[in-house]
Amino acid sequence: MEEPHSDLSIEPPLSQETFSDLWKLLPENNVLSDSLSPPMDHLLLSPEEVASWLGENPDGDGHVSAAPVSEAPTSAGPALVAPAPATSWPLSSSVPSHKPYRGSYGFEVHFLKSGTAKSVTCTYSPGLNKLFCQLAKTCPVQVWVESPPPPGTRVRALAIYKKSQHMTEVVRRCPHHERCSDSDGLAPPQHLIRVEGNLHAEYVDDRTTFRHSVVVPYEPPEVGSDCTTIHYNYMCNSSCMGGMNRRPILTIITLEDSSGKLLGRDSFEVRVCACPGRDRRTEEENFRKKGGLCPEPTPGNIKRALPTSTSSSPQPKKKPLDAEYFTLKIRGRKNFEILREINEALEFKDAQTEKEPGESRPHSSYPKSKKGQSTSCHKKLMFKREGLDSD
């Protein structure tokens, strides 16, 4: 028991003594003095040096302002709550004109003649001045000029809403189609109109009007051709929610010089749908019912109009028979017999024409074994009866 007491008298190890000495060196409240922490201000850059190093003025008023840490969450809070719809759906400050303008070069836009079959992917209605096409399908548009425009001329395609209450909104694709991986590497995902097979196409986002357009250089017609054809694609359906949302749109095609001066303008309505032929027939029929001018007929429309004309053809045959009698003097027995047979045949034909709808039903009700015999006897009896009546 005495050995432990003797151990207490032994001095602590060197490490413990060093720790205790260091602990005594600390000031009160465990705060280091200024002598132990030299100032670090000489290591910081001045505001002028920061501005010159960045090469630009972040605030735009000549000084660099420090963002307090306490204000960061307050400024970020409202940004998360407010969706800022103006940036996603901007309103244009101006509405471009869509009135046709041929200009001094006789600029016009034409389309190929097409029918209304179910298999068509693009069809144009001249009476409606409307193009019906499928999503992302080729739409050839012919550009006609009477005289060659100056070098550097460009052709621009721009889409706007047709109705006045929607004209200030920018036409763009719906969010679903914007996220689709169908980009060709040139067109931005929000652009509705694209140019197919032209590497010189330029897609423009106007910073003033926020509208989207696509510009291609004007190319003169090839040898043996009178026009230049541009192939456009429409990358969103007219019925897409969040996009056009069943609102009709117009496509404006303009001819511009190298400085952007307008040389010519033309426009047409566009409907992007799943069945262009069916929708064209429906709208043309509705247009006719409202008293509008009939559009130019197409082979498909002519074929569909034939059954209506054949169904109304039996109506002239239902005219009442002529009941007036005439007396004819004939010389010679042989001539009389010939004319009598002709007269009986004509009267039999008139009787069959008048009774044809009603007689077809009782004939079909006879048994198959006696059908041929009964009809032949019936005709002979009628023929004899008609002959007696004629005499």
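The backbone N, Cα and C atoms fix where each Cβ goes, and this holds for glycine too.
Note that the coordinates shown come from a computational prediction; the quantities given were computed from them, not determined experimentally.
Swiss-Prot has this to say about the protein:
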type	residues	note
CROSSLNK	K24	ubiquitin cross-link
REGION	98-368	region 'Interaction with HIPK1'
SITE	K118	site 'Interaction with DNA'
CROSSLNK	K289	ubiquitin cross-link
CROSSLNK	K290	ubiquitin cross-link
MOD_RES	R333	symmetric dimethylarginine
COMPBIAS	347-362	compositional bias 'Basic and acidic residues'
CROSSLNK	K349	ubiquitin cross-link
CROSSLNK	K355	ubiquitin cross-link
REGION	357-361	region 'Interaction with USP7'
MOD_RES	K368	N6-methyllysine
MOD_RES	K368	N6,N6-dimethyllysine
MOD_RES	K370	N6-methyllysine
MOD_RES	K371	N6,N6-dimethyllysine
MOD_RES	K380	N6-methyllysine
MOD_RES	K380	N6,N6-dimethyllysine
CROSSLNK	K384	SUMO cross-link
Pairwise CA distance, R333 (symmetric dimethylarginine) versus K289 (ubiquitin cross-link), rounded so that it is a whole Å: 63
Number of other Cβ atoms within 10 Å of the Cβ of K24 (ubiquitin cross-link) across all protein chains: 7
Secondary-structure category, per DSSP, in which K118 (site 'Interaction with DNA') falls: coil
Integer Å distance between the CA atoms belonging to K349 (ubiquitin cross-link) and K289 (ubiquitin cross-link): 41
Alpha-carbon spacing, K118 (site 'Interaction with DNA') to K290 (ubiquitin cross-link), which is rounded to whole Å: 25
Alpha-carbon spacing, K349 (ubiquitin cross-link) to K24 (ubiquitin cross-link), which is rounded to whole Å: 139
Those residues of the chain, 6+ apart, with a Cβ under 8 Å from that of K290 (ubiquitin cross-link): none
For K289 (ubiquitin cross-link), the number of other Cβ atoms found within 10 Å of its own Cβ: 8
